[in-house]
Each structure stands twice: as C-alpha cells, then as structure tokens.
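Report on the following structure.
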Amino acid sequence: MLRWLRAFVLPTAACHDAEPPTRYETLFRALDRNGDGVVDIGELQQGLQSLGIPLGQDAEEKIFTTGDVNKDGKLDFEEFMKYLKDHEKKMKLAFKSLDKNNDGKIEPSEIVQSLQMLGLHISEKQAELILQSIDSDGTMTVDWNEWRDYFLFNPVTDIEEIIRFWKHSTGIDIGDSLTIPDEFTEDEKKSGQWWRQLLAGGVAGAVSRTSTAPLDRLKVMMQVHGSKSMNIFGGFRQMVKEGGIRSLWRGNGTNVIKIAPETAVKFWAYEQYKKLLTEEGQKLGTFERFISGSMAGATAQTFIYPMEVLKTRLAVAKTGQYSGIYGCAKKILKHEGFGAFYKGYIPNLLGIIPYAGIDLAVYELLKSYWLDNFAKDSVNPGVMVLLSCGALSSTCGQLASYPLALVRTRMQAQATVEGAPQLSMVGLFQRIVSKEGVSGLYRGITPNFMKVLPAVGISYVVYENMKQTLGVAQK
C-alpha cells in the first residue's frame, strides 16, 4: 500500500520540497468519501485504513487537534494541505537527524547509533527489522521518500517521539513505590504535558490501589503474622469477621494519600540526579537512568517513609485501635518516639536496587525479544505488548526484592505484635529462616501477584481516560 501511495499520490521522483497542491488534492478526494469537500474524523479513519497507511496510537485525534485550525471538527482542503506540508517539514528534520553521513539514506548502523544516544540499545539485527517495516523497495536502506510515505499520517514529529514507542512507562500502577520515574521530553516540560501526565498517573494509581486494597491488606497481614495456616480465603474470612467488609480497606487511605508527595519528590529528585550524572546536552543512557531513578526513589522514600509505617500499622490494627491516620501517628510518637517512623528503613532502601535493576533488565530483555521476533510490520509494539512487558518486568522486580519488603513490613509492625522481640534487619532474617524456612521470606506473595493483573488493567484504563480529560496529547 505504501507503493500505491507513492505512485498514486506522491511522485517517486519527488524533490525534497513540498508536493504540488494537485497531489494533495488527489489524496484529499480519496479520503473525502461522501464528496462534501471536507473530511471528518470518521472518513479519515476509514480512508486511511482502506489505503493501508500505518497509523500511530490515536493518530487521527492528534491530526485533527493540529490540523483543524477553525475547530469545526472537519478538515477542509486548505487545512489538510497545510497540515501535510508542516508535518513533512518536521519529518524531514527527523530524517536528517538519523542520516548521520548525509547520504540521503538511513542505514541500520545509523538507527543503532541514534537510539543509543537516546538511551535505547538495540542490535544491528534489530535495527534491520525496524528498517524492514519502512523499507518498501527491499534495499535495506530507507530514503526520504520511503520515510515520508511511512510517517505521512503518523503524527510523530521527531525521532525522540518515534522512539518513545518503547518508553518504559505506560501509566500502570501495581502498588509499589520503587519504580523508576517517567521520562519527559523538553517539549512536554515546556508545554505543561508533564504535570498532566503525572496527575493522570496519580489518579490512576489511587483508583487502582483502592480497587485492589483488600489483596494488599491481606498481603501485609500474611507478612506480619507469618502463619503457615493463614491462607487467602482464611485471611479474608478472619479480617471480615474481626472488622466487617470495610476493614478490608484499612490502611488504604494512607496508601493513596502518599502518592502525591512521593511522585512530586521522586520527579524533582530524578531531574536533579540526571543533571548531576550527565553533561549538558548529553542523552541519558540506561545505566544513568537506573542510577538516577534509584537515587530518586531513595530520596522520595526518605521523605514519605513515615506514611509507609502508618499504612502498615493501620493495616494490621484491630477495630477501634486507632481513630485514624492522625490518631495512629500520635500514638506512635507518644509511646515509641520519632524513630519508630523509620523502622524498616534500611531494608526498604536496599530493596530499591534489585527491584529497579531487575525491572529495567527484564524490560530490556522483553523489548529485545519482541524486536527480534515480531517487529516485522510496524515500529510500534502496541498497547498490549507495552502493558505486558511493563507488568512482567515489575513483577520480576517484586519477586527479587520481596524478602527485603517482608522484613521491612515486619520491622514496621513488630511493636504491635504481642510477645514479638524487637529485632534488627539481620536478626529478623535469621529468625524467619530458622522458624519458617526460606519460604517464610515469601509469605504473602500470592495475594501480591494476584493484584497485578487487575491493578494493571484498572490503572491503564483510568490513566488513558484521565489523559483525555486533562487534554494530554496522544502519542
């Protein structure tokens, strides 16, 4: 179909200047299915699909947002032609940024080099597969005509936006606080898109955590009490019997409230650490991103850690033990002192490294596997691939850091367990292994894994809807 597009609409011997209006008019007429002189979004969707022209996610909406100058919900010919001319200019700049040797063609080695500068590392073979999806004449290089035809109606405007197909962020929240922060481009920062995306992610996280709160509380109860006899159904039955259905959400308020300060501190710290680790104008590589993200996570955890302790104390509390978040904080301060708000802080910090490291490593592995085996028809992996990769890599990160998370939770709550000795991190590890075996370090991991799929689905749906509500430009 791309060959058809070039032959029918865009001449093969086209110069690098904008196409003559008559060529745009031919394409416009092909899209104007009812012949009324304007193209609405339905006609654009149907027309482009029938022509086999590749589209990015929500491409039609973005084309209309940019091209519909008079905001009447339709594109007339002048708006249509102006959009294509402006878009081709931007795609020309993207093409030149990839064409390192200025020979008018993009080769696999240039793809590898450009992506490395953006912190995305792929092999020459993977670059060839990407080029195959764009290369229409089988030369294993992409010239300007092929590049323009492929991205003609894909509203990406620069190479960074193209690469963000594989940005390790999909707005999912599985309830953990150790993930590396999102990456935002300079354009997103200047336009204010960054805070809208963070807000959308925060709302998605709040809804997701609230929806899966019963499983999260069950996990905490199993971590703290460590009884082999407490299974999932027995745990739920015990919680409902003790405090009713509402008790299943005990501690969720704190878990939701801490999203805002944690996200804000993590984002600010991440930007500062990136500046420290990279020179001005230098792109952030995977290793620098890992270090910056880990340090930002540690900074955010230091700031909001008292809320982590409050969440655990409220989750394991009996009905009427605390009057609320403030009452819980007041009791802890009165009876245990300020230091109690940082119990379990060390294992929590230590857990950041294996979590963030394995999360990134598994994501890169899954990305490479997809590029090697499935990247034949499009450079865009699609929503389901990104969600699956993100969820699986986060789950692997959780699995690696879970023993530290369990010890952290027990240290936070051990003052509330009658007859329990106040042990250090090492002492707790030794006690758990000696009394419960190595499997004791993974107590509660089943409900933790059970909440991953619903958390991913709920947070993604809410995130996408919130982005639309807040006017975040779709990629």
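Glycine too: its Cβ is placed from the backbone N, Cα and C atoms.
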Same-side flag (membrane), Leu366 vs Met466, source Swiss-Prot:
yes
Quick check on the record annotations: which of Lys62, Lys100, Lys435 is tagged N6-acetyllysine by Swiss-Prot?
Lys435
Report which of Lys96, Lys125, Lys318, Lys331 appears in Swiss-Prot with the annotation N6-acetyllysine.
Lys318
What Cα-Cα separation, expressed in whole Å, is found between Lys435 (N6-succinyllysine) and Lys318 (N6-succinyllysine)?
26
Taking the repeat 'Solcar 3' (381-469) alone, what is its mean pLDDT?
87
Secondary structure composition of the repeat 'Solcar 1' (192-276) [DSSP: H/G/I, E/B, coil]:
73 helix, 0 strand, 12 coil
C-beta crowding around Lys318 (N6-succinyllysine), within 10 angstroms:
11
